[in-house]
Amino acid sequence: MRLGAGLLVVLAAGAGTAGWWLPAGILLAGLLALAVSPAGAAPVSGRRATLRSATGAVAELSCLALYASVFAAYLLPEVAAPAAIGFLAVVAAAEFAGLRVDGYYRRVITGLLLVAAVAFVALCLALDPAPRPPSVPPGVAGLPAAVVLAYPLFAGAKRVAIGTVAALAVAGAALYQLGPVRLGLSPTSLRDVLAAADARAMLPVLGAVVLLATVPAALLAVSGACRHLEPATGGHRARVLALVPAAVLAGALGPTAVLLVAAVATLVAAAVTVASGRYRSPGE
């Protein structure tokens with residue numbers, strides 16, 4: 001779900017940064033996520049635990065803002081800022097009411113998103129590529145930036161290998177159909193992919209996929225942020241602290257800028273998790 005929600009904007013941002021090297025950036029980001037997976041992180045206490053919780057909360061909040069920004073950019077671009085804030089309010093209310101994405105629903109939603117990904121890849125490969133502008137796409141120099149931008153797709157994921165394969169397939173199909181220059185022109189360029197493939201009738205399906213990906217991903221991000229914040233702030237204050245910064249980010253910035261913030265935040269959180277398990281600060 002997080003992969004699907006992030007991929008809706010990562011493809012455009014990565015193509016605009018690394019061109020044809022976008023799949024390599026996604027692959028390297030997946031390998032990096034495997035290398036620094038927090039699943040086996042040793043428990044810590046004291047200042048290291050506080051720092052780990054703080055950076056983890058910031059990472060979840062930035063991802064929450066990203067999902068809201070993606071929702072607004074795809075479904076309500078004319079009123080993107082109010083739509084993103086409204087999305088966050090609804091998600092926070094749902095989380096407060098006890099709505100959770102448990103294991104069964106995760107499997108169902110993930111299965112539906114995988115079906116949508118397979119259909120997208122098949123559609124792109126079944127038709128001739130759209131005409132491409134003569135502009136020269138970015139080259140390998142943008143590969144490190146593409147790795148950074150793609151990292152939030154896999155941060156904290158349990159099945160990184162499967163997610164990486166799925167992301168590579170979708171990215172390859174989008175590049176084949178649209179080319180890196182056109183793919184990187186707009187944060188919502190997946191709509192352009194469908195238009196180029198003479199599949200405008202599929203745009204409502206894309207809207208459904210956006211909803212199916214962003215809403216559960218946002219619920220998971222809110223829950224994750226609250227887990228990090230509750231020990232220090234309490235349940236109700238944690239929800240407020242989770243909503244306000246995310247609303248500011250999503251309301252003030254576009255999806256590409258929010259993606260950059262989320263990329264930096266998730267990388268910092270991963271670095272802190274790895275470092276806190278290996279090194280002791282003075283006095284601990």
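Placement of Cβ uses the backbone N, Cα and C atoms for every residue, glycine included.
Here TrEMBL flags 57-76, 82-101, 108-130, 136-154, 161-179, 199-222, 242-275 as transmembrane segment.
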Same-chain residues at least 6 beyond the ends of the transmembrane segment (82-101) whose Cβ lies under 8 Å from its Cβ atoms: 1, 64-65, 67-69, 71-72, 75-76, 109, 214-216, 218-220, 222-223, 226, 239, 242-243, 246-247, 250-251
Cβ-based contact of the transmembrane segment (108-130) with the transmembrane segment (242-275), 3 or more pairs under 8 Å: no
Among 57-76, 136-154, 161-179, 199-222, stretch most in contact with the transmembrane segment (242-275) (C-beta, under 8 angstroms): 57-76
Contact call for the transmembrane segment (199-222) and the transmembrane segment (136-154): at least 3 Cβ pairs under 8 Å, seq gap 6+: no
Same-chain residues near the transmembrane segment (161-179), Cβ under 8 Å, at least 6 residues beyond its ends: 3, 7, 10-11, 14-15, 20, 22-23, 26-27, 30-31, 34, 114, 117, 120-121, 124-125, 127, 129-130, 132-133, 137, 150, 153-154, 189-190, 192-193, 196-197
